[in-house]
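Okay, so here's the structure we're looking at.
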Amino acid sequence: MAKKDYYEILGLDKGASDQDIKKAFRKLALKYHPDRNPNDKKAEEKFKEINEAYQVLTDPQKKAQYDQFGTTDFNGGGFQGGFGGFDFSDLGGFGDIFDSFFGGGFSSGRRKNGPERGSDLEYTLSLTFEEAVFGVEKEISVTRNERCETCNGTGAKKGSHPHTCDKCNGTGQVRHQRSTPLGNFVTMTTCDKCGGRGTIIKNPCEECRGKGIVRKHRKIKVKVPAGVDTGNIIPIRGQGEHGKNGGPSGDLYINLRVSPHSKFKRKGFDIYLDAHISFGKAALGTSLKVPSIDGDVKYEIPPGTQPGTVFRLKGKGVPKVDGRGRGDQYVNVIVDIPKNLNEKQKEALMMFMEASGEIQPRDVEKKSFIDKIFKNDSK
């Protein structure tokens, strides 16, 4: 199935503001609403489509997922394709526009006895550097709405059952016909007797007090793949709030936060590390044990290595989330210059400088001058 372009459906460019999204929806919803286009299947489908686009682009969590991945798979069960469950109340004066044409009821006319999807939940999960790099399984605790097991979600006391509302005949809505300058229109408003549920509970369940849902604490296992980083989100389908009236459950979104490491610094899938060596080893070369996320790695430092030289350890970085290889590790060489020299060290350096032609063969005055330099450096 081809992915839907929700911005294109609303006639907008990607990145449109919330205000532009609402304006576009108002215009299209008024044009394609089924009450203005009776028995027009194309108009009905178009209205469902723009309704779906609006639900995604005005939900921060869903919009962020859509903008990043271009997918419509947010809740595992798809969107409510119809328009009866849409709430126009957040459109400001738009509900009044519909009221003037269709006789009101659009802000409160949703059928409460129909299936309702549960709300999404968010959880922030803290990880150590190693857990993020190699992956881990964590158990978290969440509190959510769940179907009451005592009444099986009906809200009625055990041994009794909800009664069908005699005013709306169980539909949760009352039909009204009204004449307007545009013609006769039929609208549906929420039944004021049952509150839109379609049923009346005479003996409410004591456990849930007639709501059909209760708050529960649940332990949920979260599988964190190798290579994740701060800001990544792991969606767990169906682990959010339970739906009402047989509706699907919402989703649980795990926001990851990774603690920094004392030695390693991470950029993407690459790791950076500073390695300290003496100036003698930098000049002569040495075999160096370099810490890595897999353990120490032996690396040969060539003679004449300069401060700030960066060596690459290929494939020693962070595993990529998609499983396609690993990043690299970069080692920045820092040459430590001693601050305090003893007499033997000074003599050795003097001999080196003489041998390299940096200074003339020593005399007492020059030696005294050099000694003063080292003495000043040692302070």
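Every residue gets a Cβ built from N, Cα and C, even glycine.
According to DSSP, Cys165 (Zn(2+) 2 binding site) is assigned to coil rather than to any helix or strand. The Zn(2+) 2 binding site feature in Swiss-Prot is assigned to Cys165, Cys168, Cys191, Cys194.
Feature annotation from Swiss-Prot assigns domain 'J' to 5-70. For the domain 'J' (5-70), the model's pLDDT averages out at 85.
The repeat 'CXXCXGXG motif' annotation in Swiss-Prot covers 148-155 (among others). DSSP places the residues of the repeat 'CXXCXGXG motif' (148-155) in helix, strand and coil in these numbers: 0 helix, 0 strand, 8 coil.
Residues annotated as repeat 'CXXCXGXG motif' in Swiss-Prot: 165-172 (among others).
Taken from Swiss-Prot, the feature repeat 'CXXCXGXG motif' covers 191-198 (among others).
Per Swiss-Prot, the feature repeat 'CXXCXGXG motif' maps to 205-212 (among others). Residues 147-148, 150-151, 153-158, 244-245 of the same chain lie 6 or more positions beyond the ends of the repeat 'CXXCXGXG motif' (205-212) yet place their CB under 8 Å from a CB of it.
Annotation source Swiss-Prot lists zinc finger at 135-217.
Long-range neighbours of the repeat 'CXXCXGXG motif' (148-155) within the same chain, counting only residues 6 or more positions beyond its ends whose Cβ lies under 8 Å from a Cβ of the stretch, are 161-162, 201, 204-208, 210-214, 244-246. Sorting each residue of the repeat 'CXXCXGXG motif' (205-212) by its DSSP state yields 0 helix, 0 strand, 8 coil. Within the same chain, residues at least six positions away from Cys168 (Zn(2+) 2 binding site) with a Cβ under 8 Å of its Cβ are Val174, Cys191, Lys193, Cys194, Gly198.
Long-range C-beta contacts of Cys165 (Zn(2+) 2 binding site), restricted to its own chain and to partners at least six residues apart, with a cutoff below 8 Å, comprise Gly172, Cys191, Lys193, Cys194, Arg197, Gly198, Thr199, Ile200.
In sequence order, Asp166, Lys167, Asn169, Gly170, Thr171, Gly172, Gln173, Val174, Asp192, Lys193, Gly195, Gly196, Arg197, Gly198, Thr199, Ile200 are the residues of the same chain, not among Cys165, Cys168, Cys191, Cys194, whose CB sits within 8 A of the CB centroid for the Zn(2+) 2 site.
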